[in-house]
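Per Swiss-Prot, the features are:
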- CYS32-CYS73: disulfide bond (DISULFID)
- CYS36-CYS54: disulfide bond (DISULFID)
- CYS42-CYS71: disulfide bond (DISULFID)
- CYS46-CYS72: disulfide bond (DISULFID)
- 1-27: signal peptide (SIGNAL)
Amino acid sequence: MTTKMVSSHRLLTLMVFALLLIPMISGQSSKCTKGCTSTPECNIKCMKKGGGHCQAYIGRSHGRLAIENYCCCNNYSNSPISSPVMN
């Protein structure tokens, strides 16, 4: 009985670990920085990573709702398919 519980616990732990590790290994997570005014500006800033986009996030600042724009870069620098060809 205890071996069944231990093995199922290990399997569950391994599955959670794998689900957390996959996005980090693939490099598909986007890095976001504060202060985006437009998507073209963000694209230029993120050119080496395959482009980017402005993303608005709603959060609380000093007890009030605040909307802040972030520049989120696509992390496609290791992918030969998604990377733009620069001459």
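Backbone N, Cα and C atoms are what each Cβ position is placed from, and that goes for glycine too.
Location within the structure of each feature annotated in Swiss-Prot.
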{"residue": "CYS32", "record": "disulfide bond", "DSSP (3 states)": "strand"}
{"residue": "CYS42", "record": "disulfide bond", "DSSP (3 states)": "helix"}
{"residue": "CYS54", "record": "disulfide bond", "DSSP (3 states)": "strand"}
{"residue": "CYS71", "record": "disulfide bond", "DSSP (3 states)": "strand"}
Between the Cα atoms of CYS54 (disulfide bond) and CYS42 (disulfide bond), what distance do you get, rounded to the nearest Å? 7
Ranked by the number of other Cβ atoms within 10 Å of their own Cβ, which of the disulfide-bonded residues CYS32, CYS42, CYS54, CYS72 ranks first? CYS42
Cβ density check for CYS73 (disulfide bond), other Cβ within 10 Å (all protein chains) comes to 22
Using a Cβ cut-off under 8 Å and a sequence separation of 6 or more, which residues in the same chain sit near CYS36 (disulfide bond)? CYS42, CYS54, GLN55, ASN69, TYR70, CYS71
Inter-residue Cα distance where the pair is CYS46 (disulfide bond) and CYS73 (disulfide bond), in Å: 5
Take the C-alpha atoms of CYS46 (disulfide bond) and CYS32 (disulfide bond) and report the distance between them in angstrom, rounded. 10
